[in-house]
Amino acid sequence: MKAVVLTLAVLFLTGSQARHFWQQDEPQSPWDRVKDLATVYVDAVKDGGRDYVAQFEASALGKQLNLKLLDNWDSLSGTVAKLREQIGPVTQEFWDNLEKETEALRQEMSKDLEEVKQKVQPYLDEFQKKWHEEVELYRQKVAPLGTELREGARQKLQELQEKLTPLGEELRDRARTHVDALRAHLAPYSDQLRERLATRLQALKEGGSASLAEYHAKASEHLSALSEKAKPALEDLRQGLLPVLESFKVSLLAAVDEAAKKLNTQ
C-alpha cells in the first residue's frame, strides 16, 4: 500500500511541476514540494486507515467487541490536521531564517568554487585527453590478442595471460604518471580553496558573532514556540485516543468474561 501511495504522490508532484511550467507560474520551492508529498501521503494513510477501521467494525469480531472506532476516527483525523496546521508556519519560518543566514556564505563559496573550476579545467581536459589516448593504445595492442584467443586453442590461454600482464602493468604505470602529474597541478588550487574557506569561516565567526548569537536565540525561540503550539494539539490527540482505548479495554474484558462463562458451563 505504501508503494502505491508514494507512486501516486510522485505523480501528483510531477504533475504540479508540469502545471507550473505550462502556465508559466512560479515553480514550487523544495519545502512546498515536501509539504505536498507529506500531505498526499498522510491523506492516503488516513483514508486507507478509515477503510480498515470500517472493515474491522463490520466483521464478526468487531460487532462483538463494539468498539465504535469509526465514531472517533474523524475527530482524531481533525486533531491531526489541526496539529499539522499549527506546526507548519513555525517550521517554515525556521527553515527560511536558516537559508537567509547562510545565503552570503553560500554565494562566496560558489564564487570561489567557480574560480577554481575555471583554473583547473585545462588540466582536467588534458588529463582526460591523455587517458583516452592511453586506453585507445591499450585497446589497439589487446585487439590482436583477442583475435588470437578466439582463433587459438585453450592451451594458449596461459601464454595469452602472460602477454596481457605486462600490457596491463604498463597501462597502470602510465596512468599513475598522469594522475601524479594532475595531482601536482591541482595541489596549489586545492590549498588555495581550503585557505579561502578557512578565511570565510573565520571572518564569519569573528565579524558575525553577534548575528550568530542572535540567530541562535531566534532558533531557540522558534523551537520553543513550536513546542508550545504542539502541546495543545498533542493533548487533544491524547484525549481523543482515551475513549477508544477505554472502550477497547471494556469490550475486551467483557468478551473474555463471556468466553470464560461459556467454558465453565460446558
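Placed from the backbone N, Cα and C atoms, the Cβ positions cover glycine too.
Swiss-Prot has this to say about the protein:
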type: SIGNAL; residues: 1-18; note: signal peptide
type: REPEAT; residues: 67-88; note: repeat '1'
type: REGION; residues: 67-266; note: region '10 X approximate tandem repeats'
type: REPEAT; residues: 89-110; note: repeat '2'
type: MOD_RES; residues: Met109; note: methionine sulfoxide
type: REPEAT; residues: 111-121; note: repeat '3'
type: REPEAT; residues: 122-143; note: repeat '4'
type: REPEAT; residues: 144-165; note: repeat '5'
type: REPEAT; residues: 166-187; note: repeat '6'
type: REPEAT; residues: 188-209; note: repeat '7'
type: REPEAT; residues: 210-231; note: repeat '8'
type: REPEAT; residues: 232-242; note: repeat '9'
type: REPEAT; residues: 243-266; note: repeat '10'
Confidence summary (mean pLDDT) of the repeat '5' (144-165): 69
Tertiary contacts of the repeat '4' (122-143), as residues 6+ beyond its ends and Cβ separation under 8 Å: 164, 167, 171, 174-175, 178-179, 181-182, 185-186
Coarse DSSP state, helix versus strand versus coil, of Met109 (methionine sulfoxide): helix
Three-state composition of the repeat '4' (122-143), taking helix and strand from DSSP: 22 helix, 0 strand, 0 coil
Spatial neighbours of the repeat '3' (111-121) far in sequence, C-beta under 8 Å, 6+ residues away: 185-186, 189, 192-193, 196-197, 200
